[in-house]
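J.: For reference, the structure I am asking about is given below.
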Amino acid sequence: MSKQENLILPKDFPQLKNDTFLRAARGEEIEHVPVWCMRQAGRYLPEFRESRAGKDFFETCQSPEACCELTLQPLRRFPFDAAIIFSDILVVPQAMGMDVQMVAGKGPTFPEPLKEPEDLQRLQVKVDTAKELGYVFRAITLTRHKIEGKVPLIGFSGAPWTLMSYMIEGGGSNTHSKAKRWLYQHPEASHMLLKMLTDVIVEYLLGQVAAGAQALQVFESHAGILGPAEFKEFSLPYLRDIARRVKDKLKEAGQDVPMIVFAKDAHYALEELSQSNYEVVGLDWTIDPLSARERTGGKVSLQGNMDPCALYAPKERISDIVKKMLEGFGTRGYIANLGHGVYPDMTPENIGAFVEAVHQHSKQMIKQI
Ligand SMILES: Cc1c2[nH]c(c1CCC(=O)O)Cc1[nH]c(c(CCC(=O)O)c1C)Cc1[nH]c(c(CCC(=O)O)c1C)Cc1[nH]c(c(C)c1CCC(=O)O)C2
């Protein structure tokens, strides 16, 4: 660790000025609906492209200064109510000993994916997260200082099934058939791998809170490739276990950090997800807001779910879509977001229009209550 990094300690953080996001996560009263966007730090911003130019993606992830700068960039442009630390879900398989590269035009690539259950022996079972992922913790601590209490900082991890599917597929996939083959041919080895990942993820999330994360989001981005039965067996128990174990440990330390679960395309499991120890359930755009409310019965706060492609619409149309979304979800226990990440070809101006529409319409709706 450099001398300078040594001075950045996870304490004496600036006081939080806008806690709207945290209050909404807990279902408390708010003056406006909070909003942030998945992938708000991304290639749609010219300053992001400039900062990232010519640099390796995972080297960038390993630089606390670079992660801090990329996390803060969108906040300089838009009045978001939360920031998410710049990093990637695939740092966890890396910490377990797998090589992962970001290949331009192709996305994340594992040169040596897991092929058969014997390959599990290649993985590090006991991961020293402070050593292997300390760079993420340092990025969080630095960013929490530099954000100056403007908004809360969200930490995150990939969920076990999503990480397992990357580790077996070796990258993106349409069918995920290599990873799904394991579920049907090697259920025991699959559970072994999912359990290994769960143990690392629990430690990793706790380390992020200790470093300064004020909320946590767990990304089960590949939930939709599973059906209801497989989701119940290979995803849900691990999602629940993660939240339970993280919360139990935090409680011991007298801490309370809201947790969000985002299981993309898992509309079939909405009821179960709302009873999984998470305060917030993130939704993709395939779910109707009103029916999501009905099916979750007011047990949790909801986050989402505008189709990211609606950002291609003219600004007035974005405003109308946002208004309908707010009317569907209601303003209480709700965090506005997209149903998935911002795409690189989207215009920053339209993200601004989205944020402004959420703030304006929700303020009016709250006044009328
Ligand atoms: C599946 C997944 C990954 N990474 C992530 C997920 C889960 C969310 C989801 O479902 O999208 C999570 C992630 N990745 C990134 C963040 C940072 C925070 C934020 O949302 O702003 C977060 C939360 C930065 C990133 N991670 C990545 C980028 C773009 C590449 C770059 O900056 O050079 C960013 C901003 C790369 C990445 N990393 C991954 C993919 C599929 C890609 C895209 C590859 C491509 O587009 O070429 C794996």
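The chain as shown is numbered from 1 upward.
Placement of Cβ uses the backbone N, Cα and C atoms for every residue, glycine included.
Annotations in TrEMBL come from automatic prediction, not curation.
Just lifted these from TrEMBL, have a look:
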DOMAIN    34-43  domain 'Uroporphyrinogen decarboxylase (URO-D)'
DOMAIN    154-170  domain 'Uroporphyrinogen decarboxylase (URO-D)'
J.: Where DSSP helix means H, G or I and strand means E or B, what are the helix, strand and coil counts for the domain 'Uroporphyrinogen decarboxylase (URO-D)' (34-43)?
T.: 0 helix, 1 strand, 9 coil
J.: Per DSSP, what is the residue count of the domain 'Uroporphyrinogen decarboxylase (URO-D)' (154-170) in each of helix, strand and coil?
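T.: Across the domain 'Uroporphyrinogen decarboxylase (URO-D)' (154-170), the residues distribute as 10 helix, 5 strand, 2 coil.
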